[in-house]
Amino acid sequence: YDLSSWSAGLVYSAEERMVLDRSQMIGCSKLFLDLCVPVGLTGTKLGCAEGGCGACTVMLSKYQPTSSPLGEWVSGPLCSLHHCAVTTVEGIGSVAGKLHPVQERMPKSHGSQCGNNPTPRNENLSAACSSLHPADFLPLDPTQEIIFPPELMVDTLTHQHTRGVNTNTYLTPSLSVYLFHYLSVHHSLCLSFSLFLSLSLSLCIVFGASCSLTLLGDVLKAAVGKLPPYQTEVFNAVLEQLRWFAGLQIRNVAAIGGNIMTASPISDLNPVFMASGCKLTLMSKGGERVVVMDEKFFPGYRKTILTPEEVLLCVLIPYTKKYFAAYKQSPRREDDISIVTSGMSVTFAEGSTIVKHLALSYGGMAATTVMAKNTASRLLGKQWGEELLQDACSSLAEEMTLHPSAPGGMVTYRRTLTLSLFYKFYLTVQQKLVKGVRADYISATEIYHQTSPSSVQIFQAVPDGQKEEDVVGRPMMHLSALKQATGEAVYCDDIPLYENELYLCLITSTKAHATIQSIDTAEAESMPGVVTCVFAKDVPGSNMTGPIVYDETVTCVGHIIGAVVADTQAHAQRAAKAVRITYQELQPVIITIQDAITHQSFFQPVRTIQRGDLDQGFTQADHILEGEMHMGGQEHFYLETNVTVAVPKGEDGEMELFVSTQSATKTQSLVAKALGVPASRVVIRVKRMGGGFGGKESRSTTLSTMVAVAAQKLKRPVRCMLDRDEDMLVTGGRHPFYGRYKVGFMKSGKVVALEVTYYSNAGNSMDLSLSIMERALFHMENSYSIATIRGRGYVCKTHLPSNTAFRGFGGPQGMLIAESWMSDVALSLGLPAEQVRRLNMYIQGERTPYSQILDHITLDRCWDQCLEISSFTQRRAGIETYNRDHRWTKRGLSVVPTKFGISFTAAFLNQAGALAHIYTDGSVLLTHGGTEMGQGLNTKMVQVASRTLGIPSSKIHITETSTNTVPNTSPTAASASSDLNGAAVHNACEILLHRLEPYKTKNPKGCWEDWVTAAYFDRVNLSANGFYKYTNTGRPFNYFSYGVACSEVEIDCLTGSHKNIHTSIVIDVGNSLNPALDIGQVEGGFMQGVGLYTLEELKYSPEGYLFTRGPGMYKIPAFGDIPTDLTVSLLRDAPNDKAIFSSKAIGEPPLFLAASVFFAIKDAIIAARKESGLSGPFRLDSPATPERIRNACEDRFTKLCPPAEPGTFTPWAVVV
């Protein structure tokens, strides 16, 4: 065949830049984003490389005369853009030009671009934008609407192909003769069909294999609206699955054929297609054939019955009889892969309820989507009723088995789900039959629908008479919000490429505990673009960056061994994979806390806090109980991964580094140490971070030193931004904790004695683990006064990447275990948990176990106001009624307090510096030692300076944090940055004010500029250094932040899913510097806590390999996880005399309040267990995932699926 006339070029439009590239130069695998950075389009980010975070979303437009050309799209292969217009965020509006109204509404409503949910629904946007009147916003300007480039209005159905270099061939055929020729001679093709049509026939609807899932949904919705309900059961089932299938931009490009042909064993749609008997038309050079999607269609893992020469042409989805349903259970309801998914169909003999045909299809129960053939056969001819249900469950328990070591884990839960989902189907069918179901069972048949959310934010207005230009206490917009909404905010990797710049990629260990026998870099160094490899021998200074033993031993999977430096990221990454390392594996491999306890593998010292005589305390108690709890770790999941750009300056060993770090000074110190130069030769610059949460306090230095060494070796700029999977692998996260406790208490619920032992999984190095354990011990009693108490903390040394700081710094772990024993006390006495908590709460003047007197305590006020605004009494009564009326869904309620100590526990860190310059035009340049990571620190510092100097905030600018302006800074951490840096800024401004005072006195009617000009001509220094230090005077903390949260949840007892119905939060922030930012911190910290306590789960293999290395398997909260009804109230009239302008810290304290959701879930489980005759304390580990919730709601289905005996198998994943 003559293919010489096929197009070999690529034509597309991006932000009005017409581009024509020769595909031989770019390769099919190159992404559109790869071309964005060189031309300055940095607003679109590659946040996860999975399409899971939404940061890479752009709008793709293609000329299609018969349909709308516009749609959302996730950045993909460049070759797929032929004849397309691509609109990135820069094409919508800009701060420099004109904002689009949507871009304006987000920042003015105090919301910045985050990307955590790529498909916000209308109700989410409405809730976000409800705080301002519509008149405050710009109207829609029609001239800002996107115009499709006329140059691209061409016939796109002409056959085309694009060939890449050393890659697959990307083919968009319209003539089958060309396609099948290519299939016969090429082994690797990326196909993009032009068959997008759907066709309605008398018995089915036929969809072209390349119909997008969006089109599939649109066509089926239209059919459901026109056809009688009994014909559309399958359509409704497909629509229900699509409702939770990925994000809109994924559905816009994902095809129905691709969904089938990937043969995923956890596909959402394949069980529906199989249970409904969908037919597939296949085509090859020899002609067409039609096959049914049945139990034979998937012969093995990721395999179908298609031959290599065949392609899927179309899918026939049939009309149905009356009874069909589909179910999906996933860790998170929105945009998540399945744990178990199913399609179920039943047909009865005419005029009866005798089963004539039954099809039960399950995903997630084998290496392929499977049919429960034995169960279906066993139930044929039986009456639809209780006896059939019993037989079905017994048969499914036997047929749907999994080996205890099955990939994916959760074996007991998955087996139970097969029964629970069938039971839902049974009740759904029963309800449609004349018989109906019990009223208290109906909730098991209901389809989940998101209720429109609502939120209330309450804060105290500024005092009457406060000057308009005094912005302290006002809800001032985040200074970078507009730039974030338009994509113009510059992050580290957005810095334009330097001439001669190189890219670095890490070489990491694949073994958890082994010695390195050899490293072979020959193949890697021979690859295109590779410049050099960097190892320990290349470090010109010291490789000693911490108190660990240095040898040839790797101590975790992900241990950094070296790096490859090449001309591009792609070349560096490809070469890094080619480095061959041989290992001698060592024993033992210690992965879990239990492994560490067994092997007594602990870092020293062991920390203890004790007050009183424990033996005497327990003797006085009426009751004593013992318990234990495990709390999992957490990935930081900042949107911007760790990144460093190192630029050698060419003389005296000087180097400038642009780093995404919370610790500029620590980075400077370690880079200088590695390079063997004084710290004065190294400058660290931090403009802003795309999130930190503690993950960039110490762990960012590992990458920075590596990049600096490479740059020094090559005398060229070197850049590295970790991919999401790399970052999750090597940087560590929140420490998992295991706690054992013994509690002595009175009949009233008063706790009189407590002994608690904490074990944390530190990983392979100490890092900040000892300080984290100390803070956990400082918070072991949470908000409760206990006369006799002892806490002991063991830091476990394991073969995992070193865990590190994370928002709360050990406090959330210590306090959760405290609330666990408090819950157990209430359960054992049969008393309301809120009554027991209130009885034990601290009061004014009491001492903590470490002898700090609690003054200005507002805990009782927060508690009482929280109960009031949540309507706690009425809510509790409503829940009791609900639980009586519903067997298979239960609601729970919990109110939880927090007391969080503010300041660094290492006293020397409680210091800060600032530098302020006044220029002759009256403008002020401000610098301080803190770093901006989205929390609004710079905004608050501008507010502080504005009030102190008495000038509008518009005159003050902060450009960045750098070590050559403010030296020896403390990390931006411990929630103390506003306190410390605010006081330093205040000090610097006070010095300047003092210098200007004579000129203000001399010219009282003058303005700011007059006084500045006069001082300048009088040769007055208009630059000042500010400094502040806090002296602990024997106390661990400067003061405490207090808060209380009340949450209501509803659980599905059959699947373990839950929804967050209501949360009310009252929190003491003193006199808020900025209520908008503080409420944002409360809401954001709370939701991060919701992820910690109910959703996010790190999964490691027994060999220490991290499975959860991206959003595909690791789930952070989505919009649907926000409580439907959320109220945040900042406590009124609670000034704090220990911080700047009577404010209080806000970063970390709110996170623990999400424990109210955890214990509300536990409260709901208690109600479910009561139905099975179970009562008293029980263990519920964190996070309270659907698996743990379902397994705790014991019933007749769970009894049919008992877990395998521990020790009789090797689990797929272990609890670390």
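Yeah, the Cβs are placed from backbone N, Cα and C, and that goes for glycine too.
Look at TrEMBL and you will find CYS48, CYS53, CYS56 tagged as [2Fe-2S] cluster 1 binding site. Feature annotation from TrEMBL assigns [2Fe-2S] cluster 2 binding site to CYS114. According to TrEMBL, the domain 'FAD-binding PCMH-type' annotation covers 130-322. Annotation comment: TrEMBL describes PHE245, ASP268, LEU312, LYS328 as FAD binding site. The Mo-molybdopterin binding site annotation in TrEMBL covers GLN662, PHE693, ARG807, ALA974. The substrate binding site feature in TrEMBL is assigned to GLU697, ARG775, PHE809, THR905. TrEMBL lists GLU1148 with the feature active site, proton acceptor.
Annotated features, which come from TrEMBL, shown on the structure.
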residue : record                          : Cβ contacts under 8 Å, 6 or more apart
CYS48   : [2Fe-2S] cluster 1 binding site : ALA55, ARG724, GLY1110, PRO1111
PHE245  : FAD binding site                : LEU213, ARG251, ASP268, LEU269
LEU312  : FAD binding site                : ALA209, GLY257, ILE260, MET261, LEU280, THR281, LEU282, LEU306
GLN662  : Mo-molybdopterin binding site   : MET689, GLY692, GLY694, LYS696, GLU697, SER700, THR931, MET933, PRO971, THR972, ALA973
PHE693  : Mo-molybdopterin binding site   : HIS636, TYR638, PHE806, ARG807, MET933, GLN1088
ARG775  : substrate binding site          : PHE809, GLY810, GLY811, GLY814, GLY901, THR905
ALA974  : Mo-molybdopterin binding site   : PHE809, ILE902, SER903, PHE904, LEU909, GLU1148
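Rounded to a whole number, the distance between the Cα atoms of LYS328 (FAD binding site) and CYS53 ([2Fe-2S] cluster 1 binding site) is 21 Å. Fewest other C-beta atoms within 10 Å: among the recorded positions ASP268, GLU697, GLU1148, that description fits GLU697. The two recorded residues CYS56 ([2Fe-2S] cluster 1 binding site) and LYS328 (FAD binding site) have their Cα atoms spaced 27 Å from each other. Less than 8 angstroms from the CB of LYS328 (FAD binding site) sit GLU240, GLN241, TRP244, ASP268, SER338, VAL340, THR341, SER342, each of them six or more residues away in the same chain. The binding-site residues PHE809, THR905 differ in how many other CB atoms lie within 10 Å of their CB, and the one with the most is PHE809.
There are 26 other CB atoms within 10 A of the CB of CYS56 ([2Fe-2S] cluster 1 binding site), with all protein chains counted. Report note: the Mo-molybdopterin site is defined by GLN662, PHE693, ARG807, ALA974, and the residues of the same chain whose CB lies within 8 Å of the CB centroid of those residues, excluding them, are GLY692, GLY694, GLY695, GLU697, ALA805, PHE806, PHE809, THR972, ALA973, SER975, GLY1147, GLU1148. For the binding site of substrate, formed by GLU697, ARG775, PHE809, THR905 according to the record, the largest Cα to Cα distance is 16 Å, rounded to a whole number. Other residues of the chain with a Cβ within 8 Å of the Cβ centroid of GLU697, ARG775, PHE809, THR905, the substrate site, are LEU768, SER771, ILE772, GLU774, ALA805, GLY810, PHE904, ALA973, ALA974.
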